[in-house]
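Enquirer: Please read through the structure below; I'll follow up with questions.
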Amino acid sequence: MWKEKVLEYENQMIEDLKGLLSIESIRDDSKATADAPVGPGPREALDYMYNLGKRDGFSTHDVDHIAGRIEAGKGEDVLGILCHVDVVPAGDGWDSNPFQPVVTDNAIIARGTLDDKGPTIAAYYAVKILNEMKVDWKKRIHIIIGTDEESDWKCTDRYFKTEEMPALGFAPDAEFPAIHGEKGITTFDLVQNEVTEDTDEPDYELLKFESGQRYNMVPDYAKAEVLVKENMTDVIQNFENFLQQNQLQGESTVDSGILILTIEGKAVHGMDPSLGVNAGLFLLKFLASLNLNKSAKDFVEFNERYLFESHFGEKMGMKFHTDIMGDVTTNIGVISYDKEKAGRYGINLRYPEGFKFEDAIDRFRSEINELGFNLELGKVQKPHYVDKNDPFVKTLVNAYRNQTGDMTEPYTIGGGTYARNLDKGVAFGAMFADSEDLMHQKNEYITKKQLINATSIYLEAIYALCVED
């Protein structure tokens, strides 16, 4: 029944999704204003969703242009559907323009198709279809739309300062059948205190190093500028050997006596950096083989001591595992060095329940202080957990099982979704076991089958929660 109903809306749903995907809704603080707190792109995407809601007869409510909601239904309790319309940077290597959606016979290709514009449109259409069926609502629905999920969550922080907290809700921003637990998440910077003067003349000077754009992405590109005072040919040959030994792609060029080295890696979501290839850490690994200036030497040796090939906090002394939530993970997402300003590592740490986070951070801070580094801690989000046997979770999972026949149990993840804003919130789709997970990667896409099936599941789940209940 539900899938047949969704198929009636397929063409319109894809057109609405294409419109949302065409908006380059990347956070841009350089263009932030009071009317666009995280930049014009996210604001445009937020307005786009409001306009869809108004077109379809829903009321909308804006919260300082950084978040808002589309309202449906009636009743005392509220079901929250927590979506986001901001996206991570596209990165390099796409086969098409990431913000000019390509629709094939089977799929839609663009940045945000999986994370989280495709699922947002699927959930929206589930509510739209039920509303146009003129069902007898027993609950209100707030489709809550954020614009800063990929960075600092300023959107939901602001929203829930003044707006009603849903009694229960889900975020369509992960996998089916349901995610009932999420690791704690924080970001922190490891900042080199000061530039150290050299007592001896170094053979090589690291002038500049850049890698990564987001703490929650594995960097797929790194670039270093090195002043080479002798043996330029040997350094280039050693670099080529390093690339070959590590099965990496990269380039070396010389510009006015400056050697420019680049490495390409593989970008993946920072919740499991072991699945990617961190271009920045590999390039630092090579630079450690050179007799660099003192500050640069200290910086690259820090990588070797604490970061390189240590995805689970082993070298930081933070290794920890639970059967329910898994391992601590550490993603080194943003790396920079400047000869005049020294260096900085930006890290995304995710940890399960039971990990003594504050103790671990305090110990590590003391340890690296002795090496000339400070730890600057950012926002901390504690682990989130809802019992998988809760009736709400069971209702969602039953909708999934009815539509798919798959009896997979709910599970926990290292990712963080808006679901953790709610006491009783879970992540619910929109990826399936056979979906190719290209979140935060090039050539991100959603299949038409996935879009239709996810919308059908949301239809049944929302009907069970807000009409039958």
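Just so it is clear, glycine is given a Cβ too, placed from its N, Cα and C backbone atoms.
Copied straight from Swiss-Prot:
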BINDING   His84, Asp115, Asp173  Zn(2+) 2 binding site
ACT_SITE  Asp86  active site
BINDING   Asp115, Glu150, His440  Zn(2+) 1 binding site
ACT_SITE  Glu149  active site, proton acceptor
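Can you tell me where each of these features sits in this structure?
Expert: Following the DSSP three-state reduction, the secondary structure of His84 (Zn(2+) 2 binding site) is strand. Proximity of His84 (Zn(2+) 2 binding site) to non-local residues of its own chain (separation of 6 or more, Cβ distance below 8 Å) is seen for Asp116, Thr120, Ile145, Gly146, Thr147, Asp148, Glu149, Glu150, Cys155, Asp173, Tyr418, given in sequence order.
Non-local neighbourhood of Asp86 (active site): Ser25, Ile26, Arg27, Val38, Gly41, Pro42, Ala45, Gly146, Thr147, Asp148, Glu149, Glu150, Ser151, each in the same chain, at least six residues away, with C-beta under 8 Å from its C-beta.
The Cβ of His440 (Zn(2+) 1 binding site) has Val88, Asp115, Arg214, Asn216, Met217, Ala267, Val268, His269, Gly270 as same-chain neighbours under 8 Å, each 6 or more residues away in sequence.
Cβ neighbour count for Glu149 (active site, proton acceptor) (all protein chains, 10 Å cutoff from its Cβ): 28.
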Enquirer: Let me know how many other Cβ atoms fall within 10 Å of the Cβ of Glu150 (Zn(2+) 1 binding site).
Expert: 24
Enquirer: What number of additional C-beta atoms lies within 10 angstroms of the C-beta atom of Asp115 (Zn(2+) 2 binding site)?
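Expert: Summing over all protein chains shown, Asp115 (Zn(2+) 2 binding site) has 28 other Cβ atoms within 10 Å.
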Enquirer: In the same chain, outside His84, Asp115, Asp173, whose C-beta lies within 8 angstroms of the Cβ mean position for the Zn(2+) 2 site?
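Expert: Near the Zn(2+) 2 site, the remaining chain residues are Cys83, Asp116, Lys117, Pro119, Thr120, Glu149, Glu150, Ala171, Pro172, Thr417, Tyr418.
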